[in-house]
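For reference, Swiss-Prot has these:
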- Gly75, Ser78: Na(+) binding site (BINDING)
- 4-24: transmembrane segment (TRANSMEM)
- 35-55: transmembrane segment (TRANSMEM)
- 68-88: transmembrane segment (TRANSMEM)
- 103-123: transmembrane segment (TRANSMEM)
Amino acid sequence: MYWSILAVGIGGALGSLFRWFLGIRLNGLFSGLPLGTFAANVIAGYVIGVAVAGFARAPQIAPEWRLFVITGLMGGLSTFSTFSAEVVQRLQDGRLGWAAGEIVIHVGASLVMTILGIATVSLLSR
């Protein structure tokens, strides 16, 4: 149990720090879309696809690694709450079309990247 707590905690701390770094480096580049939030979600989508498929193919890997990568690292990196706050800000600003576009872009890209992550493992496993 303690190893699981450490795995999630350390992974979450590292993922959150990486998300913070992406926000600092990318959010100021384009005022219409916070690119740091977008990058965090898209990267997390891809890595979680790779991780889910990889761990499914290697069940002998200790469950703490799954907790570290998926629950901790990618949980800390991906940011549904920040994404939600940014969309609500667009709605409050009366930018309904922009808010809808942001939803489609974030969710669509994250799903596509997760599928690509799973496909990557499938292709590399042949």
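Cβ coordinates come from backbone N, Cα and C, glycine included.
Non-local neighbours of the transmembrane segment (4-24) in the same chain are 34, 36-37, 39-40, 43-44, 63-65, 67-69, 71-79; each lies 6+ residues outside the stretch with a CB under 8 Å from one of its CB atoms.
Within the chain, the transmembrane segment (35-55) has long-range Cβ neighbours (under 8 A, six or more residues past its boundaries) at 15, 18-19, 22-27, 29, 61, 65-66, 69-70, 73-74, 77-80, 82-83, 86, 105-106, 109-122. Mapped onto three states, the DSSP output places Gly75 (Na(+) binding site) in helix. Over all protein chains present, the Cβ of Ser78 (Na(+) binding site) has 22 other Cβ atoms lying within 10 Å. The Cβ of Gly75 (Na(+) binding site) lies under 8 Å from the Cβ of Val8, Gly11, Gly12, Gly15, each of which sits 6+ residues away along the same chain.
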